[in-house]
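Going by TrEMBL, these are the annotated features:
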BINDING   His2  Ni(2+) binding site
BINDING   Cys73, Cys76, Cys89, Cys92  Zn(2+) binding site
Amino acid sequence: MHEYSIVLALLDQCHQQAQQHQADSVKRVSIKVGVLSGVEPDLLATAFDTFKLEGICREAELEMHIQPLVLKCNDCQKTQTIEEYSVLCPDCGGRNTQVVDGEDMYLMQLELGPRVSEASLTG
């Protein structure tokens, strides 16, 4: 399952961003997953819940936005969201299409928890 390696890379990104912004925790991880990315959302969520327990994301909620396939037809110049997995233009039936969106997975947003100062811990 390549979802495990994807989650490990995602958690590493979260850790780097938290360090860069001097945060102690990550509260929410928002990602975009394209339908043609090859990522299985259920397996990704399970892997995230498993691997997050050992680090800065242990309390984080994973928010997934599933991106449908978006095609541009080079014949009729229309760009459309496609419900079924077809590379044919739904308007003109042309095969001269290109994928505009729906192939990738990426980190969209993080909600970071504030750094707790030593003074506030000791009272």
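Note: Cβ is positioned from N, Cα and C throughout, glycine not excepted.
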Distance, the residue listed as 'Ni(2+) binding site' to Cys89 (Zn(2+) binding site) (CA atoms, angstrom): 31
Inter-residue C-alpha distance, Cys92 (Zn(2+) binding site) and the residue listed as 'Ni(2+) binding site' (nearest angstrom): 37
Separation of alpha carbons, Cys76 (Zn(2+) binding site) and His2 (Ni(2+) binding site) (Å): 37
Environment of Cys73, Cys76, Cys89, Cys92, the listed Zn(2+) site - residues of the same chain whose CB lies within 8 A of the CB centroid: Asn74, Asp75, Gln77, Lys78, Pro90, Asp91, Gly93, Gly94, Asn96, Thr97
CB contacts for His2 (Ni(2+) binding site) [other CB atoms within 10 A, all chains]: 12
The one of Cys89, Cys92 whose CB sees the fewest other CB atoms within 10 Å, among these binding-site residues: Cys92
